[in-house]
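What follows is a set of notes on a single structure, which appears directly below.
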Amino acid sequence: MHPPSRKDFVSLTLTGQGSGNYTNSKQWRRQSCWRKWKRLSRLQRNLILFTVALMLVCGIATYPSVTEHFRGKASKTFELAAHKRGPPGLQNRLQNKGNVSDTQVEKEEGEKPLPVILARACVSEVDRLEAVRDAFRHAWKGYKEFAWGKDELRPISKSYGEWFGLGLTLIDALDTMWILNLKKEFEEAKTWVSTELSFNKNVDVNLFESTIRILGGLLSTYHLTGDTLFLDKAKDIGMRLMPAFNTPSKIPYSDVNIGKGTAHPPRWTSDSTVAEVTSIQLEFRELSRLTQDTRYQAAVDEVMRKVHKLEGKQDGLVPMFINTNSGQFTHLGMFTLGARADSYYEYLLKQWIQGGKKETALLEDYLQALEGVKKNLLKKSSPNRLTFVGELSHGRFSPKMDHLVCFLPGTLALGAHHGLPADHMELAKQLMETCYQMYAQMETGLSPEIVHFNMHEGSIRDVDVKLADRHNLLRPETVESLFYLYRFTKDRKYRDWGWEILQNFNKYTKVSTGGYTSINNVRDPEYPSPRDKMESFFLGETLKYFYLLFSDDPELVSLDKYVFNTEAHPLPIWPTA
């Protein structure tokens, strides 16, 4: 049917005192514009409408409060949420809430609606870089105001937590500030390091955590800035950690008193975790190179030689524990790429790269381990056949995958970049998709700490999350791998995935008074339940990898010149000479 005809214009004549005929000029102009619009071709009208729509979406995308409203979810401040109870029946809802439907997953994977495409077009890489810098400034604001010089910020209670009493967050964030060009904040932190940081304390510290966060952070900052203040501090802490290696087996103890010069295992066992004793090598080797003191490298190289020869592996996979007295693996038959073993595999490759690709035993162990992963741990989920890495316990497979395992796509891609087989990159891309889906299929768009994949035919969803595993600690592993995959492939989808994750961190973990908080439940966007803790690695790793992901400068921490330790602190690849 055709619409009813209408008049070209309407005039209104008013007769009054002191007035002649009067034409309503506003209405005349409206009718005149309508006549001009009708004279345009369909193509011209479509172009005008598209331009108006683009301008509208750009305006919405660049104005945060409008964006929140547009997405249909009211923003919250955790400062208020932390002081009130959750909604009635919260625990029942958490236990009974189902997973995301397959149609929702297909919508995520399918063609994006036009407003989403337009919104992405409106956000330039410069905008994304500035968004990361804004996130860092906001986190730093909370740390500076409520936890200055302390290990960790508790943003909800506006207080702090201490682990070692050594300013972990500040030291972990030093090189991040330098890379993000936040010179004002960097100078504040440098002054604290110069005037306040002392390792002459009667305190027990964890060898692994102190090495990757403090020693690694100081060495990295020295290399980026050339300031010997940081090298001097690195020498001090490195020397104080050495008593950990005074064991019958030369496998280091887990804990060191850096004031007394003594070391010991945990109170409940004489074991150390394999990841902890094999993920300190990059830092101590570099300390030896800089100081010309061979004791540091000799100690950590001896650990790798012993682990290389040990029995108890399965197709290159290592158990999770090793005894500091006997030097043998314990808890045999349990294999994972998650907690307690993850960075062993990462450091095999990275030591080989750091040393100029000369130490063939490290490469052999890495390649053998990857074959063991493919043979024993690599499976497909149902119904969407996501590739994932499970666990093995005494021959029985478990489809459990830690978020920590999401370091693997980036490590595989790094190896392929340095000349390892091309199928490593293909596996990296498959696992990268899986790690992204661990975010995308959650109601908050944030990944839980642990997921279980469904493998049975007829399953209606790929991922299940147990109630105890629904927390998010602001971890970096997925963003880390997105950085590597984008740097090597230039596929923009990896940047888009990272941008989605950053926006969700801002939406569900940002605290209005400063800082970001871990949350307890990624399945409940209405009340994700803040944990009141900002881990140091959020500044040291997560935000750093976001920035590098969005940067167009391949020389900003070139992967042909630097190798990142497992806390995202870049250390130089040694000259081949």
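Yeah, the Cβs are placed from backbone N, Cα and C, and that goes for glycine too.
Listed in TrEMBL:
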TRANSMEM  47-66  transmembrane segment
REGION    85-108  region 'Disordered'
ACT_SITE  E209  active site, proton donor
ACT_SITE  D342  active site
ACT_SITE  E449  active site, proton donor
ACT_SITE  E477  active site
BINDING   T566  Ca(2+) binding site
Residue, out of the active-site residues E449, E477, whose Cβ gathers the largest set of other Cβ atoms within 10 Å: E477
From recorded positions D342, E449, E477, T566, the one whose Cα lies nearest E209 (active site, proton donor): T566
Spatial neighbours of D342 (active site) that are distant in sequence (at least 6 apart) but have CB under 8 A: A275, T336, D402, L404, V405, F407
Euclidean distance between Cα atoms of the residue listed as 'Ca(2+) binding site' and E449 (active site, proton donor), Å: 18
CB contacts for E209 (active site, proton donor) [other CB atoms within 10 A, all chains]: 17
Cα distance (Å, whole number) from E477 (active site) to T566 (Ca(2+) binding site): 10
Neighbouring C-beta atoms (10 Å sphere around the C-beta of the residue listed as 'Ca(2+) binding site'): 25
